[in-house]
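Some notes on the structure that comes next.
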Amino acid sequence: MANINTAGVDPTKMGVGWAIAVLTSGGDAQGMNAAVRATVRVGLYTGAKVFFVHEGYQGLVDGGNHIRPATWESVSMMLQLGGTVIGSARCRDFQTREGRLKAAYNLVKLGVTNLCVIGGDGSLTGANIFRTEWSDLLKDLISKGKIINEEAKASSHLNIVGMVGSIDNDFCGTDMTIGTDSALHRIIEVVDSITTTAQRSQIYYNVCVSVCFSYLALVTALACGADWVFIPEMPPDDGWEDHLCRRLTETRNAGSRLNVIIVAEGAINKDGKPITCDQLKDLVTKRLGFDTRATILGHVQRGGTPSAFDRVLGSRMGVEAVMALLEATPETPACVVSLSGNQAVRLPLMECVQVTKDVTVAMNEGRFDDAIKLRGRSFENNWNTYKLLAHVRPPETKSNINVAILNVGAPCAGMNAAVRAAVRIGLIQGHNMLAIHDGFEGLAEEKIEPITWNTVGDWTGKGGSELGTKRVLPGKYMEEISLNIAKYNIHALVIIGGFEAFSGALEMVQGRGKYEELCVPMVIIPATVSNNVPGSDFSIGADTALNTITTTCDRIKQSAAGTKRRVFIIETMGGYCGYLATMAGLSAGADAAYIYEEKFGIRDLERNVEHLIEKMKTTVKRGLILRNENCNFNYTTDFIFNLYSEEGKGVFDCRKNVLGHMQQGGTPTPFDRNFATKMGAKAVLWLTEKLKECYRHGRIFANTPDSACVLGMRKRGLVLQPLAELKEQTDFEHRIPKNQWWLKLRPIMKILAKYKISLDTSEHALMEHVIRRSVSGRCPS
């Protein structure tokens, strides 16, 4: 996130005298409205004028009523809407110089020298051409008498910033584009519905699902545990038909009622011939005689309400785009604001476009391995994980290593996906995999049994914990646990859970001095809706909970659609961690979110009420207040509800809602399924290497600090951190890390709610480059 309070600049004045225009172009994508809203509101916050360009580049060419001033109220109640409320159109006129000349004239007359474009690579390439030609276009307008020299001087250069809004996620340089996560939600909803039907039917099904783009197909395959995925970047080897039929037969003989095949549009074989759903349906039906259904999803993938992830992503990118525009100089290249891991970054637009084009060149030249790498780190990691889980058979020779898996703490969506990936990767490594039921208590009470490949077959989409989980810590059971580790010859532990998993693993490490049997490698995979495990920016289950809260807030706000002036007070879970309240505040458009980490008092509450009273004088008649369950012992949900009701009497009325355990339930989101799958796989691969290091004198002995680690997402990738290091970074009394990255997003939430505060963060998104390495071509790392 940009630091816009540097060098003593008042952030509310840095846009004075500037004008920004925002447009959406190309195919629409869920989350574009969040980006538009943030661009408008942060632009206005800085003192700049902001204009909507309706109907994309066509509106820029046509001018007139297509380019209108944007106000704070004009972007209210749009976060939950799919598509783009300012319209999007593919424009032939803008592809001509004459069309771009008209567009330049329209911008000059309005004094607009900053253009924010939300779209795909074609839209962003068009913006760069426009910027490159800008000086010549001004000269042409002067020579034709359309503008005067003073107008040209005032508009001497055009700043361009792009945000990638596209469900394809095929733009190199960014891990996720706006709209991709929402499209995955639509796809997984359909696949889950088909899966439920097949699993409850007496008929054995084969389902072939066609989706639009490679990334969507690949992540869908991981998220639903598909048997096969076909993508253009990696055509199957010759003889794939026999391999596919053999695989389907094996899974059917193992008792599976359902096989799922995912096909991306444009999928081809090694000869460049297309592979389609209908072809696969005919192949399986004729060769195997299996009842096979084909489902082509089409435009359903673009529709619907944006996910919480896309709303937060669009909001963060919108803020960053405004900062990039206002910090730009004539020498600054057109840039795209992007997401790398969990970090907002700025990248030269045309570098990203060029690498994106390199993918197509690599595919046309048959360099398919290069094409995978060129797609970027996220795509490559997804592909490698898919290959391991779907195409590698467990070896006949065993490693004689026993790896045990347990769930600890409260259940959450995604736990089962992590278990499934860990079990299958372990079996592929030749290990014997053991399931421990009911957490540390189950380990003490010998609730231990082997777990097989087929046992976890359909676990990816299941919520809760199939293994069973308890909050009990191992301290009082340490002797029984050590005896059972020895009895079952357990060589390594995968502990999946929340803060109890972290605390319990610390107790196990501390017990190594007394119980030698505890000297085995162990890895903790954070899984909790609270997102409060030290060592990771994200926990499995938090995204599902966040989407539940966001959807509920949407419905609660909609319930007052015909009611004037109403404020809703919503209590969220999270213990002392304010992650859910803060991120739901961003994704649902809250006016305030009370959390433990940011102290507040009665004066703050009064200011919030006054703020809402002022808001009710505008055309916006609804308010949303979120409260983390443990934010303050005295200022309870009832207290805040009563305070708002009393102070707002005669202006607005209040309703309250405590969401409770509904935040822990439900099927996992695509993000949680994919995240859990990669975490489970990486955890076991790391343990496999660690076991080799710890093998001494014919046995496993692990007592070094780095033999017990938390596997977590840190900024731009997955990292392993020793428990001993993380212990110093933990507030054990309140069960939260001492430093939490998302706190830096809170000023954005307040500014988007029209609070006059200073946005001053410690991180500055400088211009980076798309790093390339040799792969017989070029690719981003």
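Any Cβ shown, glycine's included, is placed from N, Cα and C.
Quick caveat, the model's predicted, so the values are computed rather than measured.
In TrEMBL this protein carries:
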- Asp168: active site, proton acceptor (ACT_SITE)
- Gly27, Arg90, Cys91, Gly120, Asp121, Gly122, Ser123: ATP binding site (BINDING)
- Asp121: Mg(2+) binding site (BINDING)
- Ser166, Ile167, Asp168, Glu265, Arg293, His299, Val300, Gln301, Arg302: substrate binding site (BINDING)
- Arg471, 528-532, Arg566, 573-575, Glu629, Arg655, 661-664, Arg735: beta-D-fructose 2,6-bisphosphate binding site (BINDING)
- 20-324: domain 'Phosphofructokinase' (DOMAIN)
- 402-686: domain 'Phosphofructokinase' (DOMAIN)
- 1-391: region 'N-terminal catalytic PFK domain 1' (REGION)
- 402-781: region 'C-terminal regulatory PFK domain 2' (REGION)
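Feature annotations (TrEMBL) mapped to structure.
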residue : record                                        : Cβ within 10 Å
Gly27   : ATP binding site                              : 21
Gly120  : ATP binding site                              : 22
Gly122  : ATP binding site                              : 15
Ser123  : ATP binding site                              : 25
Ser166  : substrate binding site                        : 27
Arg293  : substrate binding site                        : 15
Val300  : substrate binding site                        : 13
Arg566  : beta-D-fructose 2,6-bisphosphate binding site : 20
Gly575  : beta-D-fructose 2,6-bisphosphate binding site : 21
Gln664  : beta-D-fructose 2,6-bisphosphate binding site : 20
Taking the center of the Cβ atoms of Gly27, Arg90, Cys91, Gly120, Asp121, Gly122, Ser123 at the recorded ATP site, which other residues in this chain have a Cβ no more than 8 Å from that point? Ser25, Gly26, Gly119, Gly126
Cα separation, Arg302 (substrate binding site) to Ser530 (beta-D-fructose 2,6-bisphosphate binding site) (Å, whole number): 30
Nearest by Cα to Asp121 (ATP binding site), of the binding-site residues Ser166, Arg302, Gly575, is Ser166
Over all pairs in Ser166, Ile167, Asp168, Glu265, Arg293, His299, Val300, Gln301, Arg302, the listed substrate binding residues, work out the largest Cα-Cα distance in Å. 29
What average pLDDT is reported by the model for the region 'N-terminal catalytic PFK domain 1' (1-391)? 89
Which binding-site residues are spatial neighbours of Arg302 (substrate binding site) here, meaning Cα within 10 Å, out of Gly27, Gly120, Gly122, Ser123, Arg566, His661? Gly27
Fewest other C-beta atoms within 10 angstroms, as judged across Asp121, Asp168, which are the recorded positions: Asp168
How many angstrom lie between the most widely spaced Cα atoms of the ATP binders Gly27, Arg90, Cys91, Gly120, Asp121, Gly122, Ser123? 14
If you measure between the CA atoms of Val300 (substrate binding site) and Gly27 (ATP binding site) and round to the nearest Å, you get 13
Tell me, if you would, which residue among Arg90, Arg302, Arg471, His661 (binding-site residues) has the fewest other CB atoms within 10 Å in the structure shown? His661
So among Arg90, Cys91, Gly120, Gly122, Ser166, all listed as binding-site residues, which is physically nearest to Arg566 (beta-D-fructose 2,6-bisphosphate binding site)? Use the C-alpha atoms. Ser166
Length of the line joining the Cα atoms of Gly122 (ATP binding site) and Gln664 (beta-D-fructose 2,6-bisphosphate binding site), in Å: 41
From the recorded positions Asp168, Arg293, Arg471, His661, Gln664, pick the residue whose C-alpha lies nearest to the C-alpha of Ser123 (ATP binding site). Asp168
Given the binding-site residues Gly27, Cys91, Gly120, Gly575, which lie within 10 A of Ser166 (substrate binding site) by CA-CA distance? Gly27, Gly120
Using C-alpha positions only, work out which of the recorded positions Asp168, Arg471, Gly575, Gln664 is nearest to Gly27 (ATP binding site). Asp168
Spatial neighbours of Gly120 (ATP binding site) among the binding-site residues Arg293, Arg471, Gly575, His661, Gln664, using Cα within 10 Å, are none
In chain order, residues whose C-beta lies under 8 angstroms from the C-beta of Cys91 (ATP binding site), counting only those at least six residues away in the same chain, are Ser25, Gly56, Tyr57, Gln58, Leu60, Val61, Gly99
